[in-house]
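Q: Sharing the feature lines straight out of Swiss-Prot:
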- Arg191, Ala192, Gly193, Arg194, Thr311, Asn335, Ser523, Arg584: CoA binding site (BINDING)
- Gly387, Glu388, Pro389, Asp411, Thr412, Trp413, Trp414, Gln415, Thr416, Asp500, Arg515, Arg526: ATP binding site (BINDING)
- Val537, His539, Ile542: Mg(2+) binding site (BINDING)
- Lys609: N6-acetyllysine (MOD_RES)
Amino acid sequence: MSQIHKHPIPAAIAERCLITPEQYDAKYQQSVHDPDAFWGEQGKILDWITPYQTVKNTSFAPGNVSIKWYEDGTLNLAANCLDRHLSERGDQTAIIWEGDDATQSKHISYRELHRDVCRFANTLTSLGIKKGDVVAIYMPMVPEAAVAMLACARIGAVHSVIFGGFSPEAVAGRIIDSSARLVITADEGVRAGRAIPLKKNVDDALKNPGVTSVEHVVVFKRTGGNIEWHEGRDLWWSELVKKASAHHQPVEMNAEDPLFILYTSGSTGKPKGVLHTTGGYLVYAATTFLYAFDYHPGDIYWCTADVGWVTGHSYLLYGPLACGATTLMFEGVPNWPSANRMAQVVDKHKVNILYTAPTAIRALMAEGDKAIDGTDRSSLRILGSVGEPINPEAWEWYWKKIGNEKCPVIDTWWQTETGGFMITPLPGATELKAGSATRPFFGVQPALVDNEGNPQQGATEGNLVITDSWPGQARTLFGDHERFEQTYFSTFKNMYFSGDGARRDEDGYYWITGRVDDVLNVSGHRLGTAEIESALVSHPKIAEAAVVGIPHSIKGQAIYAYVTLNHGEEPSAELYSEVRNWVRKEIGPLATPDVLHWTDSLPKTRSGKIMRRILRKIAAGDTSNLGDTSTLADPGVVEKLLEEKQSIAMPS
């Protein structure tokens, strides 16, 4: 595999890069052999109120998982992203906002963003929100979403951003779990010309009898669409900030004070509230942003991720703003109203660094040269990829067509739980191979282990684990440290288990092969099969369901659901639509099954365990080697499923 074509470091990048190959080797060695010295130095990327003396205090030991970085230091995240830049670059653009409608865009300077954040911080305080309170944010991709997040950080409130594509039920579940006191939303969102009923979804979520903590809903007017109004509970954003002062003293936070909760899908049941704290997280977001994108002052940077995902937190907002960068926030989608929209935005705003997802790249690739019609993209210097492994064909297309064969593709592997990049090329230090995330970032110690946890040496394949902590690591799951230990540290002792498989080639480059647990990656978004199965089984006509992922040319994985109906119920076209809409309503559009496979029974072991391995193979049409079926209670089930599969229309 190491013989695959390598893309050399372009001369234009090598001339002015922040990290050379020699520097990478030296810094990496220092970072793993003396993390205190290395991260002690890197911590200076931020301004501290009380400087830290202790750098690393971490343990992955069973029953004693504890992660603390810079624990005696104090700082404020918003002050690091805004206040400290005012004297030197107050008039520089902090956020470029590009609307869904291309005629709408605006530039917000660091001074203006600081003013807006101070006003909203005072607004939050006037509503009784204080340090440690949880604020739920369910917003479209508008600058006010960033203002809300930064204002929470400024006063020490913990934000829980909920992706605008989630259903009222999913919103309610996240509010209940976090006991959020306030919800910040908009009347509607806008995406690909369609209105998204955000306020209505919040209203529906708050009707859930389990929601008892919410006192107010702050509503930003995005479209002016008709909405229900609950007097006393609902408050207009514009009216609140009008009354608020533009002066606000940021609250001094300990490095280990909670910053945000972000819910992510797990392999079992309900979503997990991943908790990140202030100091280590921001050091890590800023250093990874700086080095992985080879950021130079004046660069225009565009990360296409929604603020509702961790990529939006770390690499649309906090990493870039901590470094004083200009970050572009895009309300729309890359191929609307035409296939070349993404390329048009690059040209319009002279974007130098573009960070997007393989799903978007594959969708554009399917359009061929229409994706770049009438554009030259000559401003681009660095390309990035995030969300799932990128297949070599899509990588090469992205490099060739979008980047004009001159921009390194920074293929980043990381997770909600890692806070920032774990395995990634550095533009001036890494020769690239299409489809490989290449080598670990500073301080990251990956290993590949077999199913018993034995480390595998050299070129090999295995479960991807990390053997020591890094500053951006999640500290716990909100309100459930036991589940945190169980999920990430119990499979392999004294190691963080990512849930991903990977292989390492002869050059030490890592290739991520995908999830090894029951988690799907659909369009770069994680969905737990258990979550989708629970939604299916809650339908009154469904007895049992098993969900697997199948390869999909655009989305990476599509959702294939095996469904057993209750006795006396018959499959029909109406029920097919009803069940798909049911899941959409329970979780959100992302989780809608692409295929429903009606069946009378599922392959189970004698102990009643569903054999998902077999279901995955049948769904993918890979029937050459179904493996050992002798443990099945009824081996005949497999034949029947294969027969039924013949008549099922598959998504392209």
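Each Cβ is built from the backbone N, Cα and C atoms, and glycine gets one as well.
Please situate the listed features within the shown structure.
A: Residues within less than 8 Å, Cβ to Cβ, of Gly193 (CoA binding site) and separated from it by at least 6 positions along the same chain comprise Asp100, Trp336, Pro337. According to DSSP, Gly193 (CoA binding site) is assigned to coil rather than to any helix or strand.
For Thr416 (ATP binding site), other Cβ atoms within 10 Å of its Cβ number 19.
When other Cβ atoms within 10 Å of the Cβ of His539 (Mg(2+) binding site) are tallied across all protein chains shown, the result is 18.
In this structure, Lys609 (N6-acetyllysine) belongs to neither helix nor strand by DSSP; it is coil. If you draw a 10 Å sphere around the CB of Lys609 (N6-acetyllysine), it holds 11 other CB atoms from the protein chains shown.
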Q: Determine which residues of the same chain, besides Val537, His539, Ile542, have their CB within 8 A of the center of the CB atoms at the recorded Mg(2+) site, and list them by sequence.
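A: Result: Ala535, Leu536, Ser538, Pro540, Lys541, Ala543, Glu544, Ala545, Val563, Val579, Trp582.
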Q: Using DSSP reduced to three states, classify Thr412 (ATP binding site) as helix, strand or coil.
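A: The three-state answer is coil.
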Q: Looking at the binding-site residues listed here (Arg191, Thr311, Asn335, Pro389), whose Cα lies nearest to that of His539 (Mg(2+) binding site)?
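A: Its closest listed neighbour, by Cα, is Arg191.
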Q: Which Cβ among the binding-site residues (Val537, Ile542) has the fewest C-beta neighbours inside 10 Å?
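A: Among the binding-site residues Val537, Ile542, the sparsest Cβ neighbourhood within 10 Å belongs to Val537.
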Q: For Pro389 (ATP binding site), just give me the three-state DSSP call.
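A: Its secondary structure by DSSP: coil.
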Q: Per DSSP, Thr311 (CoA binding site) is which: helix, strand or coil?
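A: DSSP assigns Thr311 (CoA binding site) to helix.
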Q: Note down the number of other Cβ atoms within 10 Å of the Cβ of Arg515 (ATP binding site), including every protein chain shown.
A: 19
Q: By CA-CA distance, flag whichever of Gly387, Thr412, Trp414, Val537, Lys609 among the recorded positions is nearest to Arg584 (CoA binding site).
A: Val537
